[in-house]
């Protein structure tokens, strides 16, 4: 097959590309330029779109003897990821920009251009697996065999079309072995640290970034009874489950710590309460993605609402008429926020299968 290897400049994508070459595919490496000013992305920030990352990706492709290109997706990245991130916080949500980047840029936009140029698939270094059903057809997305690095959650927001054109060559290997393989091939990125920061906020100061783009929008912090506790500069400063940085002088009546339990973006009201007030027993999600035939009607499954977060058993009711699902949690979860992705899994001894996902739009508490 003729495949595009998405080269982030890290060790995982390097080994994924190498394995695709070894498998006999016609491979072309491509690095996505996502920053409109890559000079501002510090090399020490562990982002994924710095100039150094691009140089690392080029060196890997040179060693593999495959063509290398840089595609500028910075305008689309700003619109679909950065602007979406800002507007989500304005709406009182807690978005994950890496999920949006996967959904809109690293797969949808990349595939759109790749298919137009005659490529059959995209190869990435994500830790996930695709297995073919016994009756043929498109593969099912499964967890990686490395539970510490599994990225099936962040891929659960993809559509069936994207999954059908994906290859994840490193999903059947644990990370230490990937580094060993990279070192054996002489890749300079073999010991390169993993990236964790939001690439467009390289200093990690999300509040300062949002403050520059949203500005002051004063509102009140209130307790669960509606008593006003203090004024704040903007509800975007807060996320569900937040404890630190509230700076409330008046202690709670029971003396226990307070947590952000609700954000009303329309009024700018931030509600705080006890840890017990955080426990969610059910959620509603919209913008559904269907990745498996079992993602229909009512069924029992498991749900994950954060990358590397807890996985709990649940009862799912999919309403395809309005593209929503209700998920009743068998074990309450804390810190569940609107804007997060709820990814549904079917437990399986060979690796849990991703059935689909949705964006959380409402929660119900104990």
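Using the three backbone atoms N, Cα and C, a Cβ is placed for every residue, glycine included.
Non-local contacts of residue 101 (active site, nucleophile) by the CB criterion (under 8 A, 6+ apart in sequence, same chain) comprise 34, 77, 80, 81. What Swiss-Prot lists as active site, nucleophile is 101.
Residues annotated as active site, cysteine persulfide intermediate in Swiss-Prot: 199. Of all Cβ atoms in the shown protein chains, 23 besides its own fall within 10 Å of the Cβ of residue 199 (active site, cysteine persulfide intermediate).
Sequence annotations record features per position, and here Swiss-Prot assigns ATP binding site to 6, 7, 8, 9, 10, 11, 12, 13, 32, 125.
The disulfide bond annotation in Swiss-Prot covers 101-199. Residue 101 (active site, nucleophile) carries a helical DSSP state (H, G or I).
In this view, residue 126 (site 'Interaction with tRNA') is surrounded by 26 other Cβ atoms within 10 Å of its Cβ, with every protein chain counted. As annotated by Swiss-Prot, site 'Interaction with tRNA' applies to 126 (among others), with the evidence given as sequence analysis.
The site 'Interaction with tRNA' annotation in Swiss-Prot covers 340 (among others). Long-range C-beta contacts of residue 340 (site 'Interaction with tRNA'), restricted to its own chain and to partners at least six residues apart, with a cutoff below 8 Å, comprise 94, 95, 96, 305, 306, 359, 360.
Every protein chain considered, the tally of other Cβ atoms within 10 Å of the Cβ of residue 6 (ATP binding site) stands at 24. Here the Cα atom of residue 6 (ATP binding site) is found 10 Å from that of residue 126 (site 'Interaction with tRNA').
Using a 10 Å Cβ-Cβ cutoff, residue 32 (ATP binding site) registers 25 neighbours. Reported as a whole number, the C-alpha separation between residue 10 (ATP binding site) and residue 126 (site 'Interaction with tRNA') equals 11 Å. The secondary structure of residue 340 (site 'Interaction with tRNA'), as reduced to three states from DSSP, is coil rather than helix or strand. Here the C-alpha separation of residue 32 (ATP binding site) and residue 126 (site 'Interaction with tRNA') works out to 16 Å.
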